[in-house]
Amino acid sequence: MGNHAGVQRLPETTTTPSRGITESVTASHEFKVTNYRALDGVLGVGKSVKSATFSVGGYDWEIRFFPDGDRRESASYASIYLACLSPAAKLDVSTKFTLTVLTQRAGKVASMDDTRCTFSPTSVTWGWTKFVEKSKLKSPDHDDAYLITIRCDLTVPKEPSTECKGVLIEVPPSELPGHLERALKDKKGTDVTLLVGGREFTAHRFMLASRSPVLDAQLFGPTLKKEDARRVEFVDMEPAIFQMLLHFIYTDSLPPPTCDDSQVGGYGTAEMQHLLVAADRYGLHRLKLICEEKLCRGIKVENVMSTMALADRHCCHRLKDACVAFMSQPDVMGAVVRDDGFKHLIGRCPMLGLEESHESKYSEPQI
């Protein structure tokens with residue numbers, strides 16, 4: 001074995017004792033020479049064909065194949081080398097590699113196993129000038145498409161890293177949501193009063209506008225009068241739902257559940273339905289998805305019709321699919337079709353495809 005740039009001989013095996021644990025990465029690359037017969041005796045001594053570049057361990061490599069040998073004294077042999085293409089500044093890397101030659105008919109004809117070499121700025125290639133006799137590579141029937149495969153199994157150690165195992169510092173989670181929630185409760189710096197169902201809430205206009213495009217237009221619109229931006233009335237919303245909406249705007253999370261008779265993860269189904277409507281109205285997409293997810297987990301016979309209608313009105317496709325899947329259960333459909341809202345819902349959502357089969361299957365007998 002040798003280094004192609006000024007032949008450098010190494011012992012077949014080099015053993016280096018070590019007490020540490022070195023992590024390494026191993027990968028394989030196959031270089032397929034599809035026209036060997038056209039190359040044999042034609043390319044000439046010292047001429048090579050090269051594989052595509054492949055990366056292992058953070059370094060770039062290629063296989064160099066000399067069909068007629070890399071020098072005159074090895075003209076009856078094929079020479080094979082592994083070359084490192086990474087910049088010289090990155091070199092000086094110890095490796096272990098195996099090169100194997102396989103032919104289309106005979107299979108494996110030559111192999112150099114588990115060779116250990118160090119690639120450096122002055123030794124960027126390693127391999128064998130007499131890797132395999134050319135006679136072993138020839139096609140017995142002179143097939144022009146005779147295939148030779150050169151396989152390289154390469155192991156490269158990862159660059160060592162230094163870990164601090166003394167004092168481990170645990171970084172706490174973000175405190176920002178808690179600080180913003182406190183700012184809402186303390187009412188410091190609030191500059192807008194929100195009227196909801198007879199109750200007054202105070203908040204910060206910049207926070208409302210930054211979280212909701214609808215509130216941004218409502219509070220900072222070009223035609224808005226200054227006095228109108230100080231007091232804003234919200235209609236068609238319960239104060240309790242607005243309070244949950246406001247909590248989410250400041251903290252990006254729902255407030256703790258207060259429903260003892262938990263239906264939807266500690267929240268009431270009607271509560272989540274109303275909050276979803278509010279989230280959709282004010283462009284709070286994440287809150288809408290949170291409500292949709294909780295409603296999906298709380299579908300029951302008694303609420304599936306109202307939930308399905310809600311999903312249809314507000315384009316909640318996943319919630320609608322969950323309702324359809326729930327209603328499609330044989331033990332559920334019988335109760336659902338008797339609901340007063342079933343025919344109305346079918347009229348709005350003919351895509352359900354349940355109206356004919358299930359209405360006839362579960363209809364009351366005619367007397």
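Glycine is treated like the rest: Cβ placed from N, Cα and C.
TrEMBL does not curate its annotations; it predicts them automatically.
Under the heading compositional bias 'Polar residues', TrEMBL lists 11-22.
According to DSSP, the domain 'MATH' (26-154) comprises 13 helix, 71 strand, 45 coil. The domain 'MATH' annotation in TrEMBL covers 26-154.
The domain 'BTB' annotation in TrEMBL covers 190-258. Taken together, the residues in the domain 'BTB' (190-258) have a mean pLDDT of 91 on the 0 to 100 scale.
Residues annotated as region 'Disordered' in TrEMBL: 1-22.
With DSSP classes pooled into helix, strand and coil, the tally for the domain 'BTB' (190-258) is 31 helix, 14 strand, 24 coil.
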